[in-house]
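Engineer: Once you've had a glance at the structure underneath, I'll fire off some questions.
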């Protein structure tokens, strides 16, 4: 394990470093929200149909968009949630881990809310790349209609290439993400400035009264339009999830200095263009540019959407890693793609599942216009979950009274529920897709957690207290196991009981090592555990010791490195004369268990698909001994 300082939450120590991290945040954190101008205003205009949209409605729509950005992104995320961190880390599961420690009475409720938020985020990780890249590549149709039939194949090809290079890591190219996205935001702002003068009446959008008046006059149509207006803030969850990568200061600076002004200017420019040229409602973003600039803008937009997609994919990898370490999912293979950056990881199973999902969505919907109807539910749902968890965080971590927390967060929750309600009207048009994805992932995580709990209860009935076992083997008798030289390390989840693999070793091999270490690996409710707190050793007798290794939910659980650190600090053992004993369970579904039969089978399938603990914990393969047992659950 690298020293904890290597992967501590990011902090800028000087101005050049602060500027570099700010530019980096522009590329990674704001890539998704930066691609929203491609389709958000266009989709908001769509419910008004072929009769066209009135001037007051255009101003009202832009006003809604600007104030949604201000309230949801600026107030909730940039100013409020970026302060709600778990030792510098943000994100739904990071917040959940902290709350499960601070408020254990509500563990089940918060667990359900947390895995719902995580499941919705993974659904978003499938939809965002498909929608963003399709939106950008569709600009080619304005360059020449001949590209019409090639938009989908080109988009799918880009996605296949993007997911194919994940195993190589993004360290070499990620240095370009920030500068390219910065150029993208500058182009957004410049395009907006160039068109605001088309009709200065659009500046009335700064007045929130126009947003309220629009909703009041539009009635049910206005409520439906909220679903499209919400597209302006998709990607806001990335601000919070990437808190540990860049730190609060650079993320806030990037928003106020570059991103918010650029988005504001661009939406105002699109609105002014539609006011002066009503026919531009078909594609107000790309029609802002002259013909000679279309191809460069399409290429830049494609690059921006690829970067946005990369940020979402990386976020999904990080989220799944957290879920594994917190015990919400079985162990998947985790590959580290950088020798210096522990946060750069690649999960083959997750990568392949995301790619399959993205391609299926692209072929199902065929265009960004159709896919936009499926978008929004996952994002609004995740935001609602985050607000609920933030309410508990404010009470338990900051000591806010219930009244204060309600006064601050209830208006936000009500607003987000309105957006969620508007998006739910899209269910029949494709909105069912993120619900199905989230439902499947929630069921998977709930099944795994419940199955592991039932398995522990089942095996606990047969457990022998470690103290009782030690007393038994210390007795001199003709049936005592033969002592052999060397050290044996037995992995177990319950240090007070005798590991089943130790009992099996004595039963079948009739031997006991000279030194026996009962090893427990704990995942703390914090992102990273400092090296000084990595382990504790307790000597129980001349033959037995207890060793506990502690890792954070963002740590690489490298047991070999941790043991090497223990050896440096006085824990005497020789790795080449040490054997690691692991238990391998063959699970059998029972007719009567704590889970329905289908869930039993799902849990067993997940357990069978989990990566070998030897590989996951980085144990030396030639020193590992596995003993199996059959367990009926």
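Yeah, the Cβs are placed from backbone N, Cα and C, and that goes for glycine too.
Below, the features straight out of Swiss-Prot:
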TRANSMEM  18-38  transmembrane segment
TRANSMEM  61-81  transmembrane segment
TRANSMEM  109-129  transmembrane segment
TRANSMEM  145-165  transmembrane segment
TRANSMEM  173-193  transmembrane segment
TRANSMEM  211-231  transmembrane segment
TRANSMEM  255-275  transmembrane segment
TRANSMEM  287-307  transmembrane segment
TRANSMEM  345-365  transmembrane segment
TRANSMEM  371-391  transmembrane segment
TRANSMEM  405-425  transmembrane segment
TRANSMEM  427-447  transmembrane segment
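So where do these features actually land, and what's packed around them?
Structural biologist: Long-range Cβ contacts of the transmembrane segment (18-38) within its own chain (Cβ-Cβ under 8 Å, at least 6 residues beyond either end) map to 10, 12, 73, 128, 132, 135-136, 174, 177-182, 184-185, 188, 231-236, 238-239, 242, 245-247, 249-251, 253-255, 257-259, 262-263, 266-267, 270, 285, 301, 304-305, 307-308, 310-312, 314, 368.
Residues 33, 40-41, 44-45, 53, 90, 202, 204-208, 210-211, 214-215, 225-226, 229-230, 232-233, 236, 239-240, 251-252, 255-256, 260, 263-264, 267-268, 270-271, 383, 386-387, 390, 408, 412, 415-416 of the same chain lie 6 or more positions beyond the ends of the transmembrane segment (61-81) yet place their CB under 8 Å from a CB of it.
Listed as Cβ neighbours of the transmembrane segment (173-193) (distance under 8 Å, sequence separation of 6 or more from its ends, same chain) are residues 23-28, 30-31, 34, 37, 258-259, 261-270, 288-289, 297, 300-301, 303-304, 307, 310-311.
Tertiary proximity for the transmembrane segment (371-391) is limited to same-chain residues at least six positions away from its ends with a CB under 8 Å from its CB atoms, namely 39, 43, 72, 76, 80-81, 84, 92, 95-96, 99, 110, 113-114, 116-117, 120-121, 123-124, 127-128, 130-131, 134, 227-228, 230-231, 233-234, 236-237, 240, 361-362, 365, 405-406, 409, 412-413, 416-417, 419-420, 423-424, 426-427, 429-435, 437-438.
Long-range contacts of the transmembrane segment (405-425) within the same chain: residues 71-72, 75-76, 80, 223-227, 229-230, 376-377, 380-381, 383-384, 387-388, 390-391, 394-395, 431, each at least 6 residues beyond the stretch ends and with a Cβ under 8 Å from a Cβ of the stretch.
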Engineer: Suppose I define contact as three or more CB-CB distances under 8 A, residues 6 or more apart in sequence; do the transmembrane segment (109-129) and the transmembrane segment (211-231) meet it?
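Structural biologist: The answer is no, given that the two segments have fewer than 3 Cβ pairs within the 8 Å cut-off.
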Engineer: When you scan the chain for residues with a C-beta under 8 Å from the transmembrane segment (211-231), skipping those not six or more beyond its ends, what do you find?
Structural biologist: 36, 39-40, 43-44, 46-48, 56-57, 59-61, 63-65, 67-68, 205, 372, 375-376, 379-380, 418-419, 421-423, 425-426
